[in-house]
Amino acid sequence: MCGIVGVVSHSPVNQLLYDALLLLQHRGQDAAGIATNHANGFSMHKANGLVRDVFRTRNMRSLPGNTGLGQVRYPTAGSSSSEEEAQPFYVNAPFGIILAHNGNLTNAEQLKVEMFKNDRRHLNTDSDTEVLVNVFAHELQQATTGYSLDPAAVFKAVAMVHKRVRGSYAVVAQIAGYGLLGFRDPYGIRPMCLGFNETDKGSEYMLASESVALEGLGFRFLRDVMPGEAIFIDNDGKLYNQQCADNPTLNPCAFEFVYLARPDSVIDGASVYASRLKMGEYLAEKVRREIASGEIDVVMPIPDSSRPAAMELALKLNLDYREGFIKNRYIGRTFIMPGQGLRKKSVRQKLNAIGSEFKGKSVLLVDDSIVRGTTSREIVQMAREAGAKRVIFASAAPPVKFPNVYGIDMPTRDELIAYGRTDEEVCREITADALVYQDVEDLKRSISDINPALRNFEASCFDGNYITGDISRDYLDRIEFARKNPKPALEDAVRSQLNLNLARVD
Ligand SMILES: O=P(O)(O)OC[C@H]1O[C@H](OP(=O)(O)OP(=O)(O)O)[C@H](O)[C@@H]1O
Ligand SMILES: NC(=O)CC[C@H](N)C(=O)O
Ligand SMILES: [Mg+2]
């Protein structure tokens with residue numbers, strides 16, 4: 001998952017995009033980028049780091065223009081955290097195109113070959129986003145004749161992208177001198193919504209991953225972009241839209257509701273906060289069935305993401321709710337950090353226990369999910385060190401047993417604590433006295449209860465069902481192998497090639 005945003009306005013958009021990226025920072029902490037379009041073309045600045053570190057005043061000054069887009073990145077399977085892969089990406093033919101993407105292409109390797117052999121396009125990084133911008137550019141070239149462009153040609157190109165590309169993709173792109181494009185994959189896996197703002201100078205539009213970016217910047221939420229749909233807003237602020245996929249179906253990612261999205265966002269008509277409360281309600285019923293009454297003295301959330309679920313669970317079980325762990329607000333989200341070492345160290349730096357809340361008590365710790373077990377292992381220990389008599393753990397999400405290939409960085413089975421383990425074995429691994437997991441159906445119900453129109457979900461990490469239909473065992477083995485055997489950094493590869501050539505000359 002990454003955060004993407006695009007704006008068409010009548011005034012400079014650099015500050016608006018910066019502020020939108022700050023509101024989407026929870027979706028990606030590795031890199032950030034902004035590109036704007038003006039009379040002389042595009043200006044772009046992107047680098048590794050948090051939004052506040054990537055953009056200095058001088059960078060902001062160098063981003064003029066009334067339309068633009070931005071991205072905060074969290075790298076996924078197949079790609080690396082290298083600076084070259086920070087987004088957005090630029091291509092210069094058939095028009096100047098800048099593109100940013102949230103999601104993960106599952107046929108990127110095959111497309112790379114097609115790019116080289118058939119489309120005659122050079123790719124310079126391992127990023128699937130670079131593949132995507134080149135597929136779109138190639139299809140736009142096929143759809144246009146001459147120098148001018150109309151929305152029909154843009155939609156034709158998006159329709160071809162849907163035919164060639166597999167996986168998940170919510171995309172914002174800019175075509176120099178023409179306008180802003182947004183589209184969502186035909187399964188509607190990753191979120192994207194459209195907002196509107198009326199100003200003295202005319203209407204402004206914003207496309208963003210989450211409604212929080214619209215609301216926080218004074219835009220009115222208009223609607224979600226539909227799966228397969230493309231929206232094109234020209235530089236004068238005129239909006240065009242078209243369904244570009246043959247059989248679109250809506251299958252939002254369940255993990256967005258569990259963890260990825262901000263609770264104050266509404267995704268595909270379901271409030272993330274209300275869904276998390278429901279998760280707490282269903283989890284409470286399961287705790288009631290599995291843990292004898294009187295065995296829990298107090299319920300505690302693992303801040304931040306589990307708070308609504310833990311609160312509702314305590315309410316339903318008529319138990320005290322206490323904040324026993326305090327979070328250092330200057331440390332980012334640990335799950336989306338690169339590298340297990342960094343994640344592990346950050347848990348203790350991030351969370352600290354208030355001893356008096358634990359002494360002699362039997363505590364029920366509630367987290368939104370247990371993925372690698374980094375957080376839960378540390379937290380159970382910390383609760384014991386703080387004097388807890390008994391530590392029971394509950395997860396508002398079901399066991400994460402399968403890799404994710406649609407934009408969440410969980411590519412290898414071995415790193416998932418619940419892979420190949422029973423619930424009892426996971427309980428032993430995290431050294432808890434008891435462990436209660438949400439059921440998969442109850443997780444889905446927690447979201448459908450809020451918006452009954454949502455019946456199907458992308459929930460592969462919980463149920464192993466890969467809805468795009470192209471994920472074979474062999475594919476999972478390959479991405480797992482790639483993760484365990486990373487390619488040398490580009491620099492090393494170039495150096496070794498150089499040495500090889502020099503050796504040949506000798
Ligand atoms: O089992 P793990 O691999 O540790 O992953 C799960 C944990 O990671 C996330 O927290 P994170 O610190 O990223 O963010 P938060 O502050 O939003 O809860 C999530 O909320 C769980 O606490
Ligand atoms: N998490 C994401 O959405 C990542 C987008 C893209 N696959 C990248 O690695 O940059
Ligand atoms: Mg957490």
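Any Cβ shown, glycine's included, is placed from N, Cα and C.
A TrEMBL annotation is a machine prediction, not a hand-curated record.
Not measured: the values here are computed from a predicted model.
Record features (TrEMBL):
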| type | residues | note |
| --- | --- | --- |
| DOMAIN | 2-236 | domain 'Glutamine amidotransferase type-2' |
| ACT_SITE | C2 | active site, nucleophile |
| BINDING | S305, D367, D368 | Mg(2+) binding site |
Where ligand 2 binds, which of the recorded positions C2, S305, D367, D368 are close by, with Cβ under 6 Å?
C2
S305 (Mg(2+) binding site) to C2 (active site, nucleophile): how many Å between their Cα atoms?
17
Calculate the per-residue pLDDT averaged over the domain 'Glutamine amidotransferase type-2' (2-236) and state the result as an integer.
95
Which same-chain residues, if any, lie at least 6 apart from D368 (Mg(2+) binding site) yet have Cβ under 8 Å of it:
V258, Y259, R276, M279, I302, S305, S306, A309, S395, A396, A397
If you measure D367 (Mg(2+) binding site) to C2 (active site, nucleophile) at Cα, how many Å is it?
22
Take the Cβ of C2 (active site, nucleophile) and count every other Cβ within 10 Å, whichever protein chain it belongs to.
27
Reduced to three states, what secondary structure does DSSP give D367 (Mg(2+) binding site)?
strand
Under a threshold of 6 Å between Cβ and any atom of ligand 1, which of the recorded positions C2, D367, D368 are retained?
D367, D368
Return one of helix, strand or coil for C2 (active site, nucleophile), based on DSSP.
coil
